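A.B. asks: Features from TrEMBL:
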TRANSMEM  83-101  transmembrane segment
TRANSMEM  113-135  transmembrane segment
TRANSMEM  156-182  transmembrane segment
TRANSMEM  194-221  transmembrane segment
TRANSMEM  233-254  transmembrane segment
TRANSMEM  281-301  transmembrane segment
TRANSMEM  313-329  transmembrane segment
TRANSMEM  335-354  transmembrane segment
Amino acid sequence: MENLRARLRFGNKEEDVKLRKRRSLLYSKEELNPLNDVVVFSVVFRLINCLLVQSSFVPDEYWQSVEVSHRMVFKYPWGFKHAGIRGFLYPLFFAFLYKILHLLNYDSVHLLIWLPRIIQALLAAFADVKFFFLIRTLENHDVAKWTFFCHMCSWFTWFCCTRTLTNSTETSITCLALFYFPLPGSKTHSSKKYLALVALAVIIRPTALIVWFPLILYHFWHQDDKLRLITHNYIPIGMLAVVISTAIDCVFYEKWTLVQWNFVKFNIIHSVADFYGSHPWHWYFTQGFAVVIGPHLPFFLHGCSLAFRRYKVLLAAVIWTIVVYSLLPHKEFRFIYPVLPFCMVFCGMSLAHLKAWRRATAAALLTANLLPALYTGLIHQRGTLDVMNHLHSLCDVSVSTRLQPDVLFLMPCHSTPFYSHVHCPLKMRFLECPPDLGEEGYFEEAERFYDDPLLWLRTSFPNKSSLPTHLVLFDVLEQQISVFLKGNNFVRTAEIFHSHFPEGRVGGSIFIYERSRMLKND
């Protein structure tokens, strides 16, 4: 009893127990400030990134996103044709933004062009932050810092991540999903969250499943309760994704459409993608991967030797993705972009383990990436965007003008954006090139034109009253149709730089020709 009374005494100050103060690593100012710095830096960096990418990459960044969105909201009459292989969820998001701008009467052409790009930049910044936090939980601060450095200075990430490409969104979502994936040592894993993000990536771009297949298989193999994983995660999340995706697509296609099946059927089973070009099987191994990873390649190889055992599942995903895409005839750099963040984990490990000349090596790596990033973002292939800025001035032509502008693009189809970059009911037309889906009476207008440009022009415009007022063409075509241009009083009114590396039907400059009669009436 005496011992009990002694323990219950609270008045004796000398006997008070002094509790040891513990510092919360989660909420301490010392820890929060660097993390806040990462967030602010990522947002500012990607917004600058967005502003300094003023070139075009591939037609899909417009024709599978903002052009579809613009037509959904503003109903401009261009011949929208779709094979049912692209989902509407991605362009629907931009259409929602366009609708808000329209309702607020803020739908200026500059906002329509830049707002989707800014949204992509913010998504990329969010993915950057999550990527840094992930590595910080897996490794020490030094490794996390250098991995983040490698990720942020990648020239290809700079070139792609702020574009309205499904590949860019797929890559950002992949970074977010990786944060919740059960990597060895991860403290942030959540099966439901990562699988939901993977499902979203697959809805946006079905080929995202190629990247995630080995990772999902790895998760399944190491899961103790496999039946619960299937019944509580795989099936519900997968079914919900298919139902939502199918419902949206059926509404906008106005018929029953399963986009994911159509994508596989047309691109893989029927090889429709070959229509857009093919490469040898080894292209990704000999050219594609080296270009995408760029100057990081030696660091990636060195990092693989250091962290092969720890991150073998990520390396397996990289190799698997490249091998699978190598089996498909149609190949593009952007297809393997989603595995680039995986590669940066190994690059960061390499830099962190350098004992000497680390800062000098990092400076050299930054410089080696800076040059292609700025060149491809500000100079290479910018003409197809600049020409749309020039054509936008035709929107201000007076209604009283006898000849209203009528623009014909004599270029490889989808070379430029369209109404999303002029945002006025300007009469425009381009050479069409729908893929051959086995339909009766199929023909490709663009190919017929390039077979004999003069014959096509004379057949399409038998009299001068049917002629367009403006022609937009690459410089390599000018000599072939010079007789037509002179005979119909077309005068070159603008020459716009496009590229230092003309190739095939794509020239180094873009010419705008205008009928002299139109000039007089102006």
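Note that Cβ sites are derived from N, Cα and C of the backbone, with glycine treated the same way.
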A.B. asks: By Cβ distance under 8 Å, which residues at least 6 away from the ends of the transmembrane segment (113-135) in the same chain are close to it?
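C.D. replies: Sequence-remote neighbours of the transmembrane segment (113-135) are 35, 38-39, 42-43, 45-47, 49-50, 53, 65-66, 69, 94, 97, 101, 143-144, 147-148, 151-152, 161-164, 168-169, 171-173, 175-176, 178-179, 183, 186, 188, 341, 344-345, 348, 420-421.
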A.B. asks: For the transmembrane segment (194-221) and the transmembrane segment (83-101), decide whether they are in contact, meaning at least 3 CB pairs lie under 8 A, counting pairs 6 or more apart in sequence.
C.D. replies: yes
A.B. asks: Do at least three CB pairs under 8 A connect the transmembrane segment (313-329) and the transmembrane segment (233-254), leaving out pairs fewer than 6 apart in sequence?
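C.D. replies: Contact between the transmembrane segment (313-329) and the transmembrane segment (233-254): absent, because fewer than 3 Cβ pairs are under 8 Å.
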A.B. asks: With the transmembrane segment (156-182) as the reference, find which of 83-101, 281-301, 313-329, 335-354 contributes the most Cβ pairs under 8 Å.
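C.D. replies: Selected stretch: 335-354, with the most Cβ pairs under 8 Å.
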A.B. asks: How about the transmembrane segment (335-354) with the transmembrane segment (281-301) - do they touch, taking at least 3 C-beta pairs under 8 Å (6 or more apart in sequence) as contact?
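C.D. replies: Per Cβ check, the transmembrane segment (335-354) touches the transmembrane segment (281-301).
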